[in-house]
Amino acid sequence: MGLLSDPNRRRALTNLLTRLNTPLWGMPVDWLVKAMQARGLEVFTQSFSRTLPFPDENKERYMVHGTNVYGILRAPRAPRTEALVLSAPCTPGSSNNQAVGLLLGLAQYFRGQMYWAKDIIFLVNEHDLIGMQAWLEGYHHTNTTGMSWTPLEGRGGSIQAALSLELSSDIITSLDLVLEGLNGQLPNLDLANLFYAFCQKIGVLCTIQGKLQRNDWDSAAGYSQAVQTMLLMVLKQASGRPWGDHGLFLRYHIEAASIRGINSFRQYKTDLTTVGKLLEGMFRKLNNLLERLHQSYFFYLLPSLSRFVSIGYYMPAFGLLAAILLLRALDLWVQLGSPAPGTEDGLPFGPGVLSVLTPLIISHLTGVALYTLPIMAQQTAVEHFPVSETEAVVLTAIAIYTAGLALPHNTHRVLSGEGTEEGWRVLKLIAIFYMAVLLGCTALINFSLGFILALTLVPVAAFITPHVPRVLSALVMVLLSPGSTLLFSIFVYQELQEAPITLLEGWNLFLSVISQGILDHNLYGSLVYPLISLLVYPCWLLLWNILFWK
Amino acid sequence: MAAPLTLVLIVAVTIRAVLFSSSLAEPLMERVEVVSPLNAWKRVVEGLALLDLGASPYSGDVFHETPLIIYLFHFVIDYADIVFMIADGITAVALYLAVQDYNKTVFRKQKYALEADRYPHDCLELIRTPKEMYYIPLKVALFYLLNPFTIFSCVAKSTCGLNNAVIALFILSTIKGSAFLSAVFLALATYQSIYPLTLFAPALLFLLQRLYIPVNFYRPSFWLFTLQYAVMYLGSLCVIVCLSFFLLSSWDFIPSVYGFILSVPDLTPNIGLFWYFFAEMFEHFRFFFICVFQINVFFYTIPLSIKLKEHPVFLIFMQIAIISIFKSYPTVGDISLYMAFLPVWSHLYRFLRNIFLVSCVMLACSALFPVLWHLWIYAGSANSNFYYAITLLFNVGQILLVSDYFYAFLRREHHLTHGLYLKRKDGSEATLVLK
């Protein structure tokens, strides 16, 4: 007894999948509506549209119009207060052409069961993340990103958990679990454990970060694979983008994960009926939940699917880095250790404070320029240079970033006086404390991003003074600046994925990552780009100012 | 000095006007650190709506401000932004004038003491010079107007700004020596939130000092003046309360305002100490702990007045700080009022021991409040313990700040009477410890 033990249902599913194997023009809304209605679901559609701030060259879209189709399977004997979501993104082409078929097959099977206590919403979203964002905003009556969508006519109660399916072939060798969501938020570890335990029970291979976990933990090879898996998770979490359609659910306090079917060269292959059994089991377990998943950790790193590093283990590492900054700040305070500033002159503040205020204001203005100008100036850039809009935005951002390096030579000419020994100490104290608070807050929200920034910026912040050898320190500072960190992370990421790339490919990937970052911020509210441009970059510019203090 | 003050006022008004029209105003009105159930603007609007419908504004347990405030806004609701900016301006100007007058008094006393040769010879470096004291009033106004806490409180239209204005006017009238006006403003401040009652003692001490009446319980002049001041204060309070009764024709503002402040029924998280504690409290012990917490606010008046009876203005500073730390629904607007006084004690800088730790703690906590709120309420990854931890740390930082200034003040007074380089009886160097 279970899914598809009935041969008729098996045949129906195979028919569906064969039909879906043919390439489709966009999303077949009417066909989906009819198919879902035929399976006894309450079907509704939502149309949405969004004009991106500049064309997205990775997915080749600029003005996006789409329709989400969702069908609600009402629980037969329960009040309609809670819901579960199974979603499959529908894209033209062959990248995700099996998931919708499996979804419909599951819908048909679930309809015949009596044990559902929560409504199940089967969602097919168009234009993956943009459609998902529109659906979630419509479901929760919020509008944070300026998308226009039609209101949802049917609702199912508060969503307890969600699973997103991505299947590209009907025979798979393993299932990849994707957990990282928007702004590095992760679902409760219970959800990942649940999925892995069930995979083991059914006998399907489950991987994380595309790597199969090993049994030999003590050997060097096993340890190095665990480290690589964890590093991949850190890099993915630090990017702040949702790595699957589930990533947008987490913001609404809904535990969600994405399941990706992978067909590679392995000995044992599983067909979709087993995957269907797996999903049925997952949904039955989620159906039995009495409360939202909150007992396990929300902050963790996974070196493999059966081991985790909790926040209690990895936060002290970050705490020690922040302690470096605080100790250096204490040291500067003791060095400064003089009576109340600036009461000798006729001015209310001595020249010390004023000469510190100027670099602060100019750095932050540069940060504001880095945040606002690339998108605002893309039209003028396209008129004057032979580049496309995306390239214009990205190259403007890089140009402003490097233009900031030229600043310290001009800042001091704004003020008539020269900087003093005390001046750079005060500026460094402010910069270090600012950086400590900033990195602390970042690490609390997105630990990986905070840790990577801390690793590269804390050594620079600690040793920089106007008296270190200038050229060497300038080189080190530029190599450890946020932009270069991003470039190196891309190369490291590709190495860890075992798909190393050449320098030119890396540079192109770097440009596309910057454009994706800006787009993520505009489309979904990702915080990485504003954080780096408005807060981290001015902080780094302050340190650059100190290096060139005269 | 009028020109720099006007410049500061213009800059402050510009910043507030820019923020009022930006998209920051709406989220600020909902931040629990900036508004509390007592002084939120949304509740004032709600109360006004109820009043327009003819019902009592206190029905429905939404509105907890005083009737005079609601009548004030009944007439000026369209200019609410301007009212709050004017309130901030009044506070700044009142503090400016008060501190100017106080500095003159301090300098005059110091001059007499120098002429009477009352200071030991080695503490001449502790004597304050007019040049050093010249910019202090301007710094006070600057500290108040450009403090981010004040700006947020003003942009969120929290009625705390009006409370601060009344307290500032009270301080100004006390320092100018007008007992009647001081009693009236103190009554207004007490009427709005009960805690300024503790400012009765420092005001009394200052006015006694000004009239050269010694604080001696056997002297009839002391009791005469105390009685006079108390009668003026209580009389004004009665008049204001009766006026409120006649405005609204009912007494139900008393349980809604004073009952609410004293019994703390609303446990919305804020930057105070009450909410978490009382969320965990068993009903059986609630009354006992309410009494303990509320007495805690009033309790420090007596020992502090005894210790600081020669320095009533410092006592006012300490009292305002203690009120804003231990009151039942504090907000950042209360903090900004006592922080505005810090430039007045800038000569104590050399005796402060914890200033680095305190400023780090307070800056870090101010940054962590919204982060941990987001993690608790929106991301669901944290819980109330995290937010209360930051609240506790913030309040510990404030207490450290206040006690540090207390130590520095007393130490300077000790040095002025016993000399700067202290020697024990056997001639070795001694240090002062605050016990």
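Numbers here mean position along the shown chain, with the first residue as 1.
Quick reminder: no glycine exception, Cβ is built from N, Cα and C everywhere.
Residue ranges B:40-62, B:385-407 are listed, and TrEMBL annotates B:385-407 among them as transmembrane segment. Same-chain neighbours of the signal peptide (B:1-25): 81, 84-85, 88-89, 92-93, 96, 100, 137-138, 141-142, 145-146, 151, 154-156, counting only residues six or more beyond its ends whose CB sits under 8 Å from a CB of the stretch.
It is B:194-213 that, among the stretches B:68-99, B:166-188, B:194-213, B:385-407, forms the most Cβ pairs under 8 Å with the transmembrane segment (B:285-306). Most Cβ pairs within less than 8 Å of the transmembrane segment (B:312-330), among stretches B:194-213, B:257-278, B:385-407, belong to B:194-213. The stretch in B:68-99, B:257-278, B:351-373 that contributes the largest number of Cβ pairs under 8 Å to the transmembrane segment (B:225-251) is B:68-99. Residues 90-92, 94-95, 97-98, 101-102, 105, 196, 199-200, 203, 206-207, 210-211, 228-229, 232-237, 240, 313, 316, 320, 337 of the same chain lie 6+ residues outside the transmembrane segment (B:166-188) yet bring a C-beta within less than 8 angstroms of a C-beta in it.
Listed by sequence, the residues of this chain that lie at least six past the ends of the transmembrane segment (B:194-213) yet keep a Cβ under 8 A from its Cβ atoms are 167, 170, 174-175, 177, 179, 182, 186, 219, 221-222, 225-226, 229-230, 233, 258, 261-262, 297-298, 301, 305, 308-310, 312-313, 315-316, 319-320, 322-323, 327.
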